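One structure is given here, and the rest of the page talks about it.
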């Protein structure tokens, strides 16, 4: 964190770099194996996200009351949202060669979550950390450092595009409510 005038802390933003050809191939190879089980992987990601960061459930009237991970796994609404999340990620991963398409897709996601759903953008960073954790576990024996770095770079790129969309629509950060903020952030990198 770095200080800016007014004693506000902001995250230092890394340059929004595109992935290299080798990084794109590493991400796409990993993703192809994950996406083969799209719904189950998506559900596992969302269940972990909501169990570890229950404040995120506040945006989902259909399952915000659920505490039991098994109940969440069985929820048709959660499963449907998991498929939407995985579908959006799939579009991004399939189009890593086309920065304009990636930017367009993530702008739509960001604007919808800012304007329609009123989701705090920090949840994108948290969710992407959970995604990286699940990928690392799925490929524990086959997730080399280069691939981890490529996914971490993609995570930063996604967050950068989504938060740019929030800024574009004039998002004003909501006043923090200690009952809705996550206690900790995921352990994954930037």
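Just so you know, glycine gets a Cβ as well, placed from its N, Cα and C.
Sequence annotations record features per position, and here Swiss-Prot assigns region 'Disordered' to 1-21.
Marked as domain 'Globin' by Swiss-Prot on the basis of sequence analysis: 18-167.
Look at residue 83 (disulfide bond): DSSP puts it in a helix. Sequence annotations record features per position, and here Swiss-Prot assigns disulfide bond to 38-83.
Residues annotated as heme b binding site in Swiss-Prot: 81, 113. Taking the Cβ of residue 81 (heme b binding site) as centre and 10 Å as the limit, one finds 17 other Cβ atoms among all the protein chains shown.
Across the structure, residue 113 (heme b binding site) and residue 83 (disulfide bond) place their CA atoms 16 angstrom apart. The 10 Å shell around the Cβ of residue 83 (disulfide bond) contains 15 further Cβ atoms across the protein chains shown.
Cβ contacts within 10 Å of residue 113 (heme b binding site), excluding its own Cβ and spanning all protein chains shown: 20.
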